[in-house]
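For 1-21, the entry in TrEMBL reads signal peptide. Taken from TrEMBL, the feature active site, nucleophile applies to Thr203. The substrate binding site annotation in TrEMBL covers Arg231, Val232, Gly233, Asp234, Thr254, Gly255, Asp256, Gly257.
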Amino acid sequence: LSVVVAPLLLVALQLAGAASAAGLPVVINTWAFRKAAETAWRVLQLGGSELDAVERGCGQCEIDQCDGSVGYGGSPDESGETTLDAMIMDGNSMEVGAVADLRRVKNAIGVARKVIEYTKHTLLVGESASLFAVRMGFPYEDLTTQNSLSVYSKWLNQSCQPNYWKNVVPDSSKSCGPYKRPEKVTCKEEETISQRSVHNHDTIGMVVIGASGTIASGTSTNGAIHKIPGRVGDSPIAGAGSYADSTAGGAAATGDGDIMMRFLPSYQAVEYMRMGTDPTVACQKVISRIQKYAPRFFGAIICANTTGSYGAACNKIPGFTQFHFMVSSPLLGQPTEQVVDCI
């Protein structure tokens, strides 16, 4: 009887959105980005390292332009340019490599990995990050596509709506800039529902735990669509976009980075797991903390601990009531899409 009960119990736990023990190794990533999950899993099966798996898995999304929110040709900024943010973290050495506002180079997470390997730095940004990439052998390529151009021109035709300005003249809710400060400042804080829609997923985040319990994590994104040039979100920031610590666990966040990064959600989730908190509960506690300040933010987080147990949580808003993510493990046989109800 117990043989039959055990698998059923596992399924019940998964359906309940409770943490699932997956055994090791484990690959978990945000959204239903199946090809990214398959690529990372294959790298592990072929003997690649956890860092290799994260780099190749997130890199797959850069190639596939996952949901238009990762890689080239998506999320043009206010000047119509696509720029990329990415990070990768080694949970053994606690080293991080990251790039932000990377221009004219497609493989952002590949460049981030080179920051770990060839510099003593953690984060390189903008034009200088691109120069570093070229030194490392990455080609300069145009990140603009017909699609990103049409998204941009449509936005211009809609009086640049939505955008990320506030308290400026001309009125940013009705017209395009250039904006400037008004003579007399009347700051009105308006709490609006996140402009990032469910179809603007905005990040792949991935946590890989090897057979020996070694953890790596990473992210890649082209950021918020129509962002103000120079804007950097949570994705390339260690502890915000993702965090890995082989003594505790790994986590990765996705959603409204401008809000989420203020809470270092990935770092916080790993700290909860360090204290013995179940991964699902750790994820939920992180979401609850952000809810107190921004009840209507769009976001989700995935968590996994050193034993291979994992979980996820998301904030419930209109149009976003469930969060889909991918898990690969020996128990599942192949990369499997999982769903969790938002809280």
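Positions of Cβ are set from backbone N, Cα and C atoms, glycine also.
Residue pair Asp234 (substrate binding site) / the residue listed as 'active site, nucleophile' shows a Cα separation of 10 Å. Note: the CA-CA distance between Gly233 (substrate binding site) and the residue listed as 'active site, nucleophile' rounds to 10 Å.
Among the binding-site residues Arg231, Val232, Thr254, Gly255, the ones whose Cα sits within 10 Å of the Cα of Thr203 (active site, nucleophile) are Thr254, Gly255. Other Cβ atoms within 10 Å of the Cβ of Arg231 (substrate binding site), summed over all protein chains shown, number 18.
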